[in-house]
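A.B. asks: This is the structure I have questions about; it appears just below.
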Amino acid sequence: MKPSIYGLTRDELIAWAIDNGQKAFRATQIWDWLYRKRVQSFDEMTNISKEFVAILKDSFCINPLKQRVAQESADGTVKYLFELPDGMLIETVLMRQHYGQSVCVTTQVGCNIGCTFCASGLIKKQRDLNSGEITAQIMMVQNYFDKRAQDERVSHVVVMGIGEPFDNYQNVMTFLRTINDDHGLAIGARHITVSTSGLAHKIREFANEGVQVNLAVSLHAPNNELRSSIMRINRSFPLDKLFSAIEYYIETTNRRVTFEYIMLNKVNDGVEQAQELADLTKRIRKLSYVNLIPYNPVSEHDQYSRSPKERVAAFYDILKKNGVNCVVRQEHGTDIDAACGQLRSNTMKKDRQKAAAART
């Protein structure tokens, strides 16, 4: 399978065009066709010579994804299941917010982080997505908007889908630079958030990139004992190492960090744990924010359930009394396969059942 041209940054496309005997402006024209006019075929690039179109077609495909499933929620959330060229499946989610249209992208096929409450890790990591496959997720949603012809655009991106983004660091950074490029989709850096489970060394590297992209950290527990029991990554990067990296990030960038905290009934949602969380984040309170997330139950992880509203409210109140900036996250798509990785997992089960039935 040819690589997707979406996998190149504009500078890389310019370098490639020059290597193939073209002027730099030719690459800029191609970039415009891809991201402003959003063509789906190189033949639609009418100001590019037929000879160079032939070279493009020999070298690249445009969009490597096929849509397998699209589930639309009553609130307008759309969960997509896309098929990659090798037949593997990934999820992408469109969330309609009051401030714009936000897309959550996947960065890996499967996940090795091993969070015990998460559907994404039910299937171990099989491979990284390349930058073209990550960018193509945004383009698939934008193409959906274009067909609706209602002047909608992807305005916000969260890198919070299946996989650990910082375990696929270079492809994610290429993706970020591509969607942020002013000559293309021009999605503002401050409208993009990358979430990590806590790879401390990569948080430090990200701090040195000089990008204005937001950072979120999946925390989910306020002490090492509990965090290690529900998030295996904490055994490699315990809270002291993680918070040292976070403090370095804040000192280097002067940017706020968001902590994601999923509310698991009678696991991590007690008032004592709320106080521990307030104490843990005290030193960086001015440049941190806590996002309390209602849990979407996963059948394979039935030891966990959603915290009742009363427990969430009590937890929230403790944080607020301690001066912690926090919010309870708005839910999206609760009437579809809402948990991250759930649609993919359920579809793969159905595919296996169909295959087994066909053999009998």
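Using the three backbone atoms N, Cα and C, a Cβ is placed for every residue, glycine included.
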A.B. asks: Check Swiss-Prot for me: it has GLY163, GLU164, SER218, LEU219, HIS220, ASN296 binding S-adenosyl-L-methionine, so pick out which one of SER102, SER131, SER195, SER244 it puts in that same site.
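C.D. replies: So the S-adenosyl-L-methionine site in Swiss-Prot includes GLY163, GLU164, SER218, LEU219, HIS220, ASN296 plus, from the candidates SER102, SER131, SER195, SER244, SER195.
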A.B. asks: Looking at the recorded positions GLU91, CYS104, CYS111, which has the shortest Cα distance to GLU164 (S-adenosyl-L-methionine binding site)?
C.D. replies: CYS111
A.B. asks: Write down the Cα-Cα distance for GLY163 (S-adenosyl-L-methionine binding site) and CYS111 ([4Fe-4S] cluster binding site), rounded and given in Å.
C.D. replies: 5
A.B. asks: Please give me the binding-site residues out of CYS115, CYS118, GLY163, LEU219, HIS220, ASN296 that lie within 10 Å of CYS104 (disulfide bond), comparing Cα atoms only.
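C.D. replies: Final answer: none.
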A.B. asks: If you count, for each of the recorded positions CYS104, CYS111, CYS115, CYS118, LEU219, the other Cβ atoms lying within 10 Å of its Cβ, which residue has the minimum?
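C.D. replies: The recorded positions CYS104, CYS111, CYS115, CYS118, LEU219 were compared, and CYS115 has the fewest Cβ atoms within 10 Å.
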